[in-house]
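Asker: Got a structure here, written out as structure tokens. Questions coming.
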Amino acid sequence: MASTAPFAKMNGIGNEIIVADMRGRADRVTPAAALALNAGAATKFDQIMAIHDARTPGTAYFIDILNSDGTGAQACGNGMRCVVQALAAETGQKTFAFETVAGILNAEEHADGLISVDMGKPRFDWQDIPLAEEFRDTRMIELQIGPIDAPVLHSPSVVSMGNPHAIFWVDRDVWSYELDRFGPLLESHPIFPERANITIARVTSPETMVIRTWERGAGLTKACGSAACAAVVAAARTKRTGRSVSLVTPGGGSLHVEWRGDDHVVLTGAAECEFSGSFDPSTGVWARDTESAA
Ligand SMILES: N[C@H](CCC[C@H](N)C(=O)O)C(=O)O
């Protein structure tokens with residue numbers, strides 16, 4: 001059996017995150033461990049953010065991201081905030097440069113406790129999302145669900161924030177759509193060869209939006225940071241909003257997204273630690289720290 005690694009169960013405005021401390025070791029959290037942790041009531045999660053030693057000079061850590069179905073993800077904005085909060089509490093440091101499979105990203109904890117993550121530049125080319133066939137204009141692609149003559153959701157904008165996102169624009173209350181039914185069908189639609197995160201977005205003013213997301217590999221979540229970024233970029237591209245937008249997410253939390261002039265997208269919001277423990281990264285067998293259980 002591998003030696004155990006410390007972890008913290010955290011959340012980023014309701015997005016359920018496990019931050020695993022894999023520093024100083026060569027193994028990775030396995031898909032089997034992810035599935036086992038997700039099967040437990042206390043450790044059920046949307047993403048595991050595994051902190052590994054840096055691979056590249058100029059970065060502090062490499063972050064490996066797993067979805068609750070054991071698959072990998074290239075980006076997780078809410079999870080990155082949890083990582084920053086955990087490392088800031090441990091080290092007293094406030095700014096960090098991380099590496100993920102999608103590249104290098106910078107993050108910072110502010111004096112008020114909110115955390116900003118620079119999620120990098122969005123990509124719009126159909127090959128980069130990726131889509132299975134050419135669409136010259138990804139501000140709106142042909143895709144619909146529901147009756148052919150009266151589709152319930154249609155013509156999404158698609159964006160890569162390192163990971164693939166489709167944003168469906170709606171006029172009605174976001175809760176009036178059966179995202180639990182349509183989400184899985186759209187996530188695995190053949191147009192998305194690497195599947196996609198599916199968001200419905202209702203723009204409420206040039207600076208505000210309400211979103212709900214069906215996450216690739218995790219299902220319905222209380223918040224999705226990279227989807228918030230994708231939604232704001234897509235809204236600004238289609239002139240639905242400006243480039244600085246506050247979003248309300250299903251957990252009731254709020255996120256702020258700014259698509260800066262240098263093309264970088266910055267996500268700002270809170271993070272919270274629930275409890276800590278240790279786990280076996282190969283099996284997912286875990287125990288709660290006695291201090292935090294008191
Ligand atoms: N919850 C995450 C997104 C995870 C994305 C993942 N579901 C995928 O791309 O496979 C966030 O805050 O950005």
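The backbone N, Cα and C atoms fix where each Cβ goes, and this holds for glycine too.
TrEMBL entries are annotated by machine, without manual review.
Take a look at what TrEMBL says about it:
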BINDING   Asn15, Gln47, Asn67, Gly77, Asn78, Asn163, Asn197, Glu215, Arg216, Gly225, Ser226  substrate binding site
ACT_SITE  Cys76  active site
ACT_SITE  Cys76  active site, proton donor
ACT_SITE  Cys224  active site, proton acceptor
Asker: Can you tell which of Asn197, Ser226 has the most other C-beta atoms within 10 Å, given these are the binding-site residues?
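Answerer: By the 10 Å Cβ neighbour count, Ser226 comes out on top.
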Asker: With every protein chain in view, what's the tally of Cβ atoms within 10 Å of the Cβ of Asn15 (substrate binding site), excluding that atom itself?
Answerer: 32
Asker: Among the recorded positions Asn197, Arg216, Cys224, Ser226, which ones place their C-alpha within 10 angstroms of the C-alpha of Cys76 (active site)?
Answerer: Cys224, Ser226
Asker: For a quick check of packing: other C-beta atoms within 10 Å of the C-beta of Arg216 (substrate binding site), how many?
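Answerer: A 10 Å sphere around the Cβ of Arg216 (substrate binding site) contains 25 other Cβ atoms.
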Asker: Other than Asn15, Gln47, Asn67, Gly77, Asn78, Asn163, Asn197, Glu215, Arg216, Gly225, Ser226, which residues of the chain come within 8 Å of the substrate site, judged by Cβ distance to the Cβ centroid of those residues?
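Answerer: Counting only non-site residues, the set is Asp46, Ala73, Ala75, Cys76, Gly79, Thr213, Ala218, Thr221, Cys224, Ala227.
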Asker: With DSSP assignments reduced to helix, strand and coil, which class does Ser226 (substrate binding site) get?
Answerer: helix
Asker: If one looks at the chain holding the residue listed as 'active site, proton acceptor', which residues at least 6 apart in sequence have a CB under 8 angstroms from its CB?
Answerer: Asn15, Gly77, Asn78, Asn197, Thr199, Ile211, Thr213, Glu215, Thr249
Asker: If you measure every Cα to Cα distance among Asn15, Gln47, Asn67, Gly77, Asn78, Asn163, Asn197, Glu215, Arg216, Gly225, Ser226, the residues said to bind substrate, what is the biggest one in Å?
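Answerer: Spelled out: the longest distance between any two Cα atoms in Asn15, Gln47, Asn67, Gly77, Asn78, Asn163, Asn197, Glu215, Arg216, Gly225, Ser226 is 17 Å.
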Asker: Going by a 10 angstroms cut-off between Cβ atoms, which of the binding-site residues Asn67, Asn78 has the sparsest surroundings?
Answerer: Asn67
